[in-house]
Structures are given as structure tokens and as C-alpha cells.
Amino acid sequence: MNGIKDLGLGFSKASTRLHFFSLLLALGSFVWGYNVGVLASVLAHPGFRETIPDYGPYRRGLITAIYYLGTWLSYVFFSRPATDLLGRRYAAMVGMSVLCVGQALQAAASGSVALSMVISGRVVSGLGTGIVSTSVPLYQSEIAPAQQRGRLVVLNHVGFVAGLASGFWVGYAITFWNDSHGYLSGWRLSVSLSFIPALFFFVGLPFLYESPRWLVEHGRPDEALKALQFYREGSFTPSQIQSELTDIKRNVSAYQATGLKKWTSLFTNPSLFSRLWRAALLHFMAQMCGATAMKYYLPELFRVLGLSPRVSLLAGGIESTLKIGCTVLEMFVIDKVGRRVTLAVGAGIMAFALLINGALPLAYPNNTNRASDYTCVVFIFIYSLGYSMGFGPAAWVYGSEIFPTAARARGLSFAASGGAVGSIIVSQLWPIGIAELGSKIYFFFMAVNLACVPIIFLLYPETKGRPLEDMEVLFGGYEGGTLSTTSLLLADDREDGNGEDEENEILGRPLLGDGRGMAR
């Protein structure tokens with residue numbers, strides 16, 4: 001059977017379409033990342049600091065953290081209804097519209113209400129980001145074949161880090177606009193530039209087919225078949241496409257027959273709750289590892305190490321650009337070594353980098369040793385390598401694939417709220433911790449990363465290579481751990497010599513069985 005031969009790096013019509021449209025969707029994450037990256041330079045811009053009355057560490061922390069209050073509210077109350085009722089595409093468009101309104105409020109902040117406008121804009125942007133950041137990986141996960149799913153969802157994070165890098169480079173460029181107009185308007189322009197990629201996102205999204213799984217759930221199987229044919233042409237035979245559609249129908253029907261349609265089922269149903277707490281904890285750990293601080297306060301961390309404000313922004317741009325390459329590398333690794341290995345290795349790298357950044361400033365305080373300071377800069381870059389090949393993309397991959405179709409939007413939204421809580425904690429803790437404890441604050445985040453490694457291997461079953469309809473085999477569920485037709489076809493294809501024995505083993509053995517066992 002050769003219908004699945006193009007699941008690797010082949011250039012079939014399906015593979016080309018999947019990668020192109022996943023890149024288009026990644027523009028949504030690009031805008032999200034840009035807004036994160038550019039804020040780091042905005043917070044350091046003298047014109048912005050003059051605009052905000054009584055600007056200091058506490059208000060800086062408030063401006064940063066309040067954004068995540070918006071994302072948390074969106075994850076809990078708005079993103080699930082939007083993605084389930086409107087579909088993944090139109091939910092993303094609504095989220096982007098809300099996000100742009102928030103950016104406009106921030107760019108227009110002035111006078112005595114400047115702080116209120118910035119805070120309101122940050123909350124509104126957070127609301128929009130919550131919808132975009134869940135609908136995009138949901139769509140990517142639901143259109144991707146099992147063997148490419150990790151790679152395609154990682155494209156979402158590629159978009160994020162590309163936006164992050166662009167935000168830093170724009171912030172660096174704005175420092176050269178140092179006349180009176182640049183002083184007053186430079187930071188406003190940098191915030192407003194996010195409207196350009198948002199426009200391309202709006203224009204491109206209507207040309208996509210809706211997620212076939214969402215279409216089946218809403219009683220539109222004929223349209224779902226057309227969408228599957230569009231995204232599988234040249235990689236799968238017609239019979240395999242029909243088998244995948246049958247699996248989706250069976251999965252949706254079985255879930256609907258249970259009556260578990262209320263949001264409370266995520267907490268009352270053992271199978272769904274076992275997925276929810278794992279995904280939520282993973283998103284929480286992904287922020288408690290220190291990533292939020294590295295994104296928002298990076299220029300200030302570089303300045304503490306003796307770099308000038310302009311060079312700090314330059315270093316931030318270089319660091320964020322390197323993240324793009326690391327995340328692209330992760331695209332080709334995550335479906336081969338699996339989610340758990342990338343998460344654990346990434347956490348280990350980050351822990352070691354944080355150890356160096358905590359210890360060297362204690363050994364050589366007050367920038368008395370330039371070699372020590374430059375070593376810390378290098379290990380901040382190494383920290384970014386660990387995050388970009390671990391928690392950064394993998395948390396979204398894992399959370400977007402483990403829930404059944406009818407609960408996927410709801411599950412990922414609640415899970416992502418765990419990340420929002422972590423971001424609120426870190427964005428408040430870091431600036432105060434640096435001010436009060438200095439480099440000792442790094443040891444706290446080092447300990448968090450070290451604790452993550454055994455948690456990942458003990459509590460998280462591997463999901464690589466497994467169709468979405470087969471997650472019940474890992475977590476238990478209403479189908480009793482029965483493999484889907486797609487899995488059987490994949491296993492049969494590997495028996496014919498077209499796959500790897502390791503992947504065949506993963507598809508063939510249940511890890512959690514009925515939900516009572518654990519991964520070996």
C-alpha cells in the first residue's frame with residue numbers, strides 16, 4: 001500500500017497545500033508574537049515612559065501582566081464558543097479583529113488617561129489573542145495527517161517567534177528615530193505596524209476550507225469530504241480518505257452519544273479530565289519555566305549585563321531571530337523523537353542556562369568581569385534554544401491533539417488558561433524578583449525546569465504518529481481504546497516496509513489503556 005508515502009517531506013499537492021495554508025495561519029501567531037516582542041522595546045522607550053505617569057517596576061509589571069488577564073478571560077469564556085460556533089477560520093478572524101482594536105487603543109494612549117488606555121488596550125488585545133492562539137493550532141491539528149501533525153502545528157510557533165523577532169528589530173530600528181517626532185511617536189508607530197500582517201491574515205483566511213472535523217460535528221459531511229480531498233490529494237488514495245472521514249464520523253457520533261456536551265464534562269468525565277489537567281499543567285509549566293520574562297524583559301536583562309539600551313535591543317533581535325531557526329529545526333524533530341523527548345531536553349537546557357545566569361553575577365557582581373557578563377548573554381541565547389525546541393511549540397502541539405473533536409476547542413481553551421495564569425505570575429514576579437534578589441531569581445526558575453523533566457516522563461504519554469481519533473487508546477474513552485481504520489492502514493503500510501518499527505510499536509500498543517494505567 002503506497003498511499004501514505006508522501007507523509008514525509010514529499011511535494012504532493014496535499015503536502016504543498018498543507019504547508020502553505022499552515023504558514024498563512026501562522027500569520028495570526030506572527031501578530032501575537034510581534035506584539036510581545038515590540039512591547040519589550042516600548043517599555044524601554046523614553047517617549048512611552050514619559051507618557052505613562054509614575055512609570056516604574058510595578059506599573060511595568062502591571063502593563064505586562066494585565067495582558068494575560070485578557071488571555072485568561074478569553075480562554076475560559078470566549079475562545080471555545082467562538083471556535084465551536086463560528087468554525088476555526090472565522091473565529092480566528094474575529095479574534096484578530098479584537099486584537100487590532102486593543103492595539104489601536106494602546107497606540108492612541110495619551111494625556112491623563114494614558115495608563116488606562118494602555119491597560120484597556122492590553123486587556124482587549126489579550127482577549128483577541130486568546131481566540132487566535134487556540135483557533136489557529138486547532139485548525140492546523142485538524143487538517144494535518146497524523147505523521148505530519150507535529151510539524152504543521154509547530155509552524156504556528158514559527159510564526160510566533162518570527163513575529164517576536166520582528167518586534168525586536170522594529171524596536172531596535174525605532175531607536176535611530178531620535179528627533180522630537182520619534183520621541184513622541186516612535187513607540188506608537190512600532191505598535192501600529194502589527195496591522196500590516198493582520199491585513200494579510202484577513203485577506204487569506206476566507207480561501208481556506210473549514211476544518212473537516214468541525215464540519216462533521218456540525219452535520220456537513222459532504223463539505224468535510226471535499227476538505228479532506230483537498231488536503232489529502234496526492235498523498236492518500238480515495239479509499240483512505242473515505243476511511244479517515246468514517247473515523248471522524250464515528251468519533252464525533254460516539255462522543256455525542258455520551259451526552260458529554262457541557263463544559264463541565266471536562267471535569268466530571270475521567271477520560272476528558274485526564275487530558276485536561278495534563279494539557280493545562282503543560283501550558284502552566286511552559287510559562288513558569290521563565291519564558292514570559294525572557295520575552296518581555298529581555299532588553300532589560302541585557303542592560304543589567306552591561307549592554308547599552310540600543311545594543312540590548314539589537315541583542316534581543318538576534319536572540320529572537322535565532323529562535324526562528326531553532327523552531328524550524330523542531331519542525332523536523334518533533335514527529336521523529338516525539339513530544340516528551342523534546343519537552344524534557346528543552347527543560348534541561350533551560351535549567352542549565354538559568355544556573356549559569358544565576359551563578360556568574362554572584363561570583364562577579366556589578367559587572368566586574370566582562371567575560372562573565374558575555375557568558376551570561378550567550379547562555380540567554382542557549383536558554384532560547386531550549387525553549388524553542390521544547391515548551392514553546394510542543395505545549396501547543398500536545399494540547400491541540402489529545403482532545404476528541406467535539407471537546408477539542410473547549411479543552412485547549414481551558415488548558416491554555418493554565419499558561420495565562422503562569423504568565424501572570426511570572427510577569428509580576430520577575431521584575432520584582434530582579435529588583436529585590438538580583439540574579440538569585442534565576443535559581444527559582446531553574447528549579448521549576450528541573451522539576452518539569454520527571455513530570456513529563458512520568459505523567460505524559462507519547463502521542464507522535466497517532467491519529468486524532470485514536471487518543472482514546474492513550475487516555476481511555478467511549479470507544480474502549482479501539483484503533484481507528486486510519487491507524488490500521490498506517491500499521492499495514494509499515495508492515496509493507498514503508499515505515500519504521502518504532503512508529504509501528506507506538507501505533508500498536510495502548511499506553512494508558514482505559515485510563516487507569518500509565519505509560520511505560
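Just so it is clear, glycine is given a Cβ too, placed from its N, Cα and C backbone atoms.
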Worksheet item: For which of the residue intervals 271-290, 411-430 does TrEMBL record transmembrane segment?
Response: 411-430
Fill in: Recorded stretches the transmembrane segment (152-177) and the transmembrane segment (376-399) touching, at least 3 CB pairs under 8 Å
yes
Worksheet item: If we call contact 3 or more Cβ pairs under 8 Å (sequence gap 6 or more), are the transmembrane segment (90-109) and the transmembrane segment (341-364) touching?
Response: no
Discussion item. Are there residues at least six beyond either end of the transmembrane segment (442-461) with Cβ under 8 Å to its Cβ atoms? List them, or say none.
Written reply: 278, 281-282, 285, 288-290, 293, 339-340, 343-344, 347-348, 350-351, 354-355, 357-358, 398, 433, 474-475, 511-512, 518-519
Worksheet item: Out of 62-78, 115-140, 376-399, 411-430, which stretch touches the transmembrane segment (20-42) the most, going by CB pairs under 8 Å?
Response: 115-140
Worksheet entry | Tertiary contacts of the transmembrane segment (62-78), as residues 6+ beyond its ends and Cβ separation under 8 Å | 39, 43, 52, 95, 102, 118-119, 122-131, 133-134, 292, 296, 413-414, 416-417, 420-421, 423-424, 427-428, 431
